[in-house]
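Residues annotated as ATP binding site in TrEMBL: A:27-32, A:Asp51, A:59-62, A:Lys75, A:120-125. Per TrEMBL, the feature Zn(2+) binding site maps to A:Cys161, A:Cys164, A:Cys427, A:Cys430. The SUMO cross-link annotation in TrEMBL covers A:Lys193, A:Lys260, A:Lys611. For A:206-238, A:535-634, the entry in TrEMBL reads region 'Disordered'. TrEMBL lists A:441-524 with the feature domain 'Ubiquitin/SUMO-activating enzyme ubiquitin-like'. Residues annotated as compositional bias 'Polar residues' in TrEMBL: A:552-566.
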Amino acid sequence: MFLAGILGPLRKELADSLSSCRVLVVGAGGIGCELLKNLVLTGFKNIEVIDLDTIDVSNLNRQFLFQKNHVGKSKAQVAKESVLRFCPSANITAYHDSVMNPDYNVEFFRNFQLVMNALDNRAARNHVNRMCLAADIPLIESGTAGYLGQVTVIKKGMTECYECQPKPTQKTFPGCTIRNTPSEPIHCIVWAKYLFNQLFGEEDADQEVSPDTADPEAAWNPEETAARASASDQDGDIKRVSTKDWARSTGYDPVKLFNKLFKDDIMYLLTMDKLWKKRKAPVPLDWHWTYGLKDQQVLSVGGYSQLFQRSVETLRAQLKEKGDSAELVWDKDDPPAMDFVTAAANLRMHIFSMNMKSRFDVKSMAGNIIPAIATTNAVIAGLIVLEALKILNSDFQQCRTIFLNKQPNPRKKLLVPCALDRPNPNCYVCASKPEVTVKLCVHKTIVQTLQDKILKEKFGMVAPDVQIEDGKGTILISSEEGETEANNGKFLSDFGIRNGSRLQADDFLQDYTLLVNVLHCEELPRDVEFEVVGDAPEKAPPPSVPEEEKSITNGNKDSAQPSTSTKAEDDDILIVDSDEEPSSSTTDVSMETGSLKRKLQDAETGETASKRKRLDQQPAAEDDDDDDDIIALD
Amino acid sequence: MADHKTNKDQRYDRQLRLWGDHGQEALENAHVCLVNAAASGTEILKNLVLPGIGAFTIVDGHRVSGEDVGNNFFLSSDSVGKNRAQATTELLQELNTDVSGNFVEENPDRLLDNDPEFFHRFSLVIAVQLEESTCLRLGSVLWNAAVPFLVCRTYGLVGYMRLVVREHTVVESHPDNALEDLRLDQPFPELTNHITSYDLDNMEKKDHSHTPWVIIVAKYLQKWCREHDFQLPRNYKEKEAFRQLLREGIRKNENGTPEEEENFDEAIKNVNTALNPSKVCVSVEDLFNAEQCENITSQSPAFWVMVRAVRDFVQAEGRGSLPVRGTIPDMIADSDKFISLQNVYRERALQDAAAVSRHVESHLQAVGKVCIWGTLHMWNAAFLRVVHCRALVEEYGVDTVHKDEITSCMDNPDSEMVLYLMLRSVDCFYQQHSRYPGVYNYQVEDDIVRLKLCVHSLLQEYGLTVNVKDDYVHEFCRYGAAEPHTVAAFMGGAAAQEAIKLITHQFVPFNNTFIYNAMAQTSATFQL
């Protein structure tokens with residue numbers, strides 16, 4: 001009897017329920033691999049696993065079910081095969097697919113007694129959260145980032161859901177900062193990623209890279225117009241065609257591209273002289289380079305020029321190979337794509353008098369790389385299964401949110417278990433009648449923005465239907481193709497939407513209805529299209545972050561903004577609450593920081609400390625008093 | 001070769017961002033020995049093989065049983081009957097072809113009888129599920145050979161780790177609160193000269209707003225000192241006044257309103273950082289006072305020669321300060337100004353490092369050794385640490401036991417300390433009965449009584465007047481010495497992480513006992 005080993009500590013009924021229950025594992029990456037192993041060896045028999053990702057070399061340092069010869073194959077499929085090799089008796093179903101695909105509807109989720117997330121991005125987490133709420137199936141949520149990790153349990157009506165606490169929206173950069181006046185390396189890196197898409201990938205109107213003449217700061221005098229006109233002569237014809245078409249017409253000639261991007265466009269920027277009254281003006285570059293470069297270091301301008309040329313040539317060849325209308329997808333682990341961004345970003349940094357960055361650092365920032373190691377994932381996956389056992393034992397009172405520290409904290413605890421919070425009655429997802437108020441200008445906001453930016457991006461819907469509560473039930477947006485596309489370009493006011501209007505947004509797949517109250521406002525801050533009333537303001541960054549932390553925690557793939565990749569990138573993101581969020585001026589995104597209040601039940605003292613600081617970053621002064629709140633002074 | 005390097009860089013990209021190339025190099029040079037390839041052991045090794053340790057050797061005399069296959073991922077049903085070291089080595093090896101896997105089909109006790117020196121060759125020895133007497137024997141062999149020893153155990157829903165290392169030196173402790181090393185309170189001459197080369201009053205506007213904040217603060221500190229009896233701002237009030245002085249330094253436009261000068265904003269924000277006194281921190285001071293630092297012999301480990309050289313430097317060239325670190329934070333500045341400032345610090349750091357190496361050389365010469373310092377990583381003297389653990393014999397000795405730690409923890413009868421006492425009690429049970437309690441279902445009731453006796457005799461032996469609740473005795477009998485996989489997986493992650501700390505000499509390992517309670521998901525560390 002192989003199970004003898006666990007039958008002792010786990011009661012027999014529980015062991016029986018393990019072999020009959022069905023569980024879903026969402027994600028077969030760092031945590032997912034460990035989790036599958038732990039599940040089968042704990043006695044779980046019926047497991048389904050879903051992941052749309054394929055295996056990359058950089059996964060192999062921790063995703064132990066994969067080997068070199070599996071690179072490029074489906075994670076879910078290979079994970080299943082590897083587990084079966086060792087445990088042939090398990091019954092595993094693998095889906096190489098996105099969990100957001102409508103095939104995985106509420107009925108699908110109801111097949112399971114338990115769902116476990118091993119995900120890497122907020123969109124999918126939001127979605128699975130809603131599916132589990134709709135199906136009323138318990139969910140275990142988890143994430144890791146470097147040495148840090150977290151596990152929590154979500155049960156409809158009993159605990160907070162994943163979206164009960166607003167997560168700060170990621171920092172985005174105003175278009176004119178990216179296009180005209182970059183002041184930090186990250187601005188140049190974002191610009192270079194936009195450029196990649198403009199040249200080789202999917203063009204996106206929000207990712208313009210050429211000088212922005214509408215920059216309010218640059219409002220010029222009439223007499224200067226002549227100078228500007230002559231300066232823009234040479235790209236006068238570029239304006240009428242897209243960047244991509246122009247690049248194509250030159251045959252992706254690296255020198256022509258270089259001259260336009262790093263010389264002509266910069267000279268054009270110089271003519272917007274108001275911008276340079278207080279700033280140091282950029283210095284256009286001439287095409288030249290010298291031989292002799294080393295990888296992984298900060299190169300000379302010549303070196304980057306050469307790298308730019310080489311990478312454009314490689315990408316051009318890739319594009320050609322794929323056919324005429326092909327598009328490349330930027331991937332940080334694809335060397336030519338990474339070379340291109342490193343080169344273009346560094347050249348721009350140089351032009352704008354910034355210190356250039358090594359490829360290694362650019363990769364961190366451009367790819368929003370979260371360091372990931374086997375040990376943290378192993379610990380977290382071990383914790384997940386123990387929580388799973390409590391859930392299957394219907395022992396929700398014993399379930400905890402558990403934080404894994406980098407090292408034992410001043411109280412000598414490596415793990416910090418916290419009692420689960422009750423649902424937030426005002427949650428816009430799990431409340432009985434979810435409702436939000438959105439501040440926007442009805443004359444300036446188009447239906448497309450409501451759909452894409454507000455309902456999909458902000459409120460995590462996948463395919464919303466929207467009806468105006470105007471007594472007539474006017475359909476504003478339909479998720480059926482071909483029904484309401486004509487509305488997309490129209491303003492909300494065109495449909496009689498005004499201050500106080502109520503919109504009912506439905507997502508059929510998520511079985512989720514959200515009532516949106518419109519608060520009309522004429523004047524929103526620059527570059528802001530809408531605001532959600534009562535949204536938690538972004539937490540002020542901690543005053544000082546140690547140098548090495550800056551480079552390891554700078555971001556995650558949830559930062560939808562600078563990330564242009566559409567494919568699932570990396571795994572295992574810390575889901576909430578890290579005080580190590582980057583404050584560095586060189587980083588682009590904040591970790592998802594939840595200002596979660598936390599009821600800590602200390603096993604030794606039974607005390608409850610609310611608002612416990614997640615990580616004890618302060619000097620390890622022996623801390624025996626009850627208050628762990630630390631106020632960090634600058 | 002270059003290709004192999006790129007391949008490795010890609011494979012290890014996500015971890016290089018934590019411990020760097022030099023940490024990786026240390027891993028790749030390490031040879032780890034695992035005693036007993038039980039589930040906890042293979043989970044630990046898995047987490048060391050994946051990030052690429054150089055080699056491992058498994059020592060295990062057991063034959064694979066059905067139970068092993070049930071909780072160990074690195075065994076399959078056709079391994080039953082084979083030697084456990086061999087069977088697991090084969091499967092662990094598959095995880096990473098860069099790692100060399102070896103095995104010894106031998107009972108560790110026999111190895112200790114016949115060839116105790118066998119264990120001297122390893123960078124680290126990890127023992128799991130090892131019975132007490134063998135563990136103590138192995139512990140003393142390794143203690144005498146100064147080989148780090150990590151004991152790890154999964155017992156039902158309890159995890160246990162014990163680090164046994166005489167002296168572990170940490171080169172990069174990665175403190176969470178690392179402060180910049182700018183020396184603005186006592187600028188070195190080259191820095192003073194560099195500061196003097198700036199004339200904030202007679203500068204182009206653009207240069208003024210692109211002067212690094214370090215220069216600004218230094219300039220105004222000079223001014224402040226002249227006006228305040230050569231005293232730096234000491235308290236909040238004075239610092240506030242100093243900030244005000246900086247604020248007044250911001251250029252004004254023709255209408256008298258201040259310009260936006262972000263570098264000045266940065267300067268104001270960084271006043272505290274800048275005024276942080278450049279003194280030798282307590283933990284490094286302790287190193288200087290250590291005996292190993294005082295008496296350098298031909299046997300002295302490199303770390304201590306280095307510490308001594310740094311101490312000599314502080315007393316001589318450094319005039320009370322550590323060598324300059326040489327790195328400065330990113331700041332608003334144009335490239336030229338930033339780079340020249342950076343160079344001032346860097347040059348000084350190189351000079352200081354050269355001075356330290358001269359001290360190293362003279363010590364080595366004095367003890368008749370040749371300098372072997374070729375590729376010393378750019379380390380930082382302020383981040384040096386040393387960890388001393390107690391030997392197992394001290395923990396087990398009736399006279400040397402840390403009674404106070406145990407008694408004070410047991411003020412709370414549910415402290416993780418009770419789990420430690422229970423583990424000791426089941427070991428006592430094993431000694432008497434040659435088996436652990438509760439392994440056979442029909443004996444559980446009888447075993448509860450027997451285990452209670454063991455608890456009492458343990459407490460009596462050590463003169464501990466603490467109360468161990470009966471619940472724990474029942475619980476431990478119910479465990480039947482099982483090793484549930486998910487607890488083993490947790491311990492595999494936690495222990496491997498400590499192993500990586502030990503091997504890379506980065507981050508401070510726990511000292512010296514770690515207990516994990518899987519039911520409550522709590523953990524604690526104790527000094528035993």
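First residue shown is number 1, and so on along the chain.
Keep in mind that glycine also has a Cβ here, set from the backbone N, Cα and C atoms.
Predicted, not measured: the structure shown is a model, and the values here were computed from it.
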Limited to the domain 'Ubiquitin/SUMO-activating enzyme ubiquitin-like' (A:441-524), I'd like the whole-number average of pLDDT.
91
My list of recorded positions is A:Asn61, A:Asp120, A:Lys260, A:Cys427; which of them have a Cβ under 8 Å from any chain B Cβ, in sequence order?
A:Asn61
Distance from A:Lys193 (SUMO cross-link) back to A:Cys427 (Zn(2+) binding site), taken between C-alpha atoms, in Å
35
Which entry in the list of binding-site residues, A:Cys164, A:Cys427, A:Cys430, has its Cβ near the fewest other Cβ atoms, using 10 Å as the limit?
A:Cys427
Near the Cβ of A:Lys260 (SUMO cross-link), how many other Cβ atoms are there if near means within 10 Å?
21
Which residues, same chain and not among A:Cys161, A:Cys164, A:Cys427, A:Cys430, have a CB within 8 angstroms of the centroid of the CB atoms at the recorded Zn(2+) site?
A:Leu133, A:Glu160, A:Tyr162, A:Glu163, A:Pro423, A:Asn424, A:Tyr428, A:Val429, A:Ala431
Cα-Cα, A:Ala123 (ATP binding site) versus A:Lys260 (SUMO cross-link), nearest Å, comes out at 37
Taking A:Ala123, A:Cys161 as the binding-site residues to compare, which has the smallest set of other Cβ atoms within 10 Å?
A:Ala123
Neighbour tally for A:Asp51 (ATP binding site), based on other Cβ positions within 10 Å of its Cβ
29
Taking the Cβ of A:Asp120 (ATP binding site) as the centre, count every other Cβ atom within 10 Å, in any protein chain shown.
27
Using all protein chains shown, find which of the recorded positions A:Gly27, A:Asn61, A:Lys193 scores highest when you count other CB atoms within 10 A of its CB.
A:Gly27
A:Asn61 (ATP binding site): secondary structure state under DSSP, collapsed to three categories:
coil
Spatial separation of A:Cys164 (Zn(2+) binding site) from A:Lys193 (SUMO cross-link) - C-alpha basis, Å:
33
Measuring Cα to Cα, how many angstrom lie between A:Gly30 (ATP binding site) and A:Cys161 (Zn(2+) binding site)?
23
Measure from the Cβ of A:Gly30 (ATP binding site) and count the other Cβ atoms within 10 Å, all protein chains considered.
29
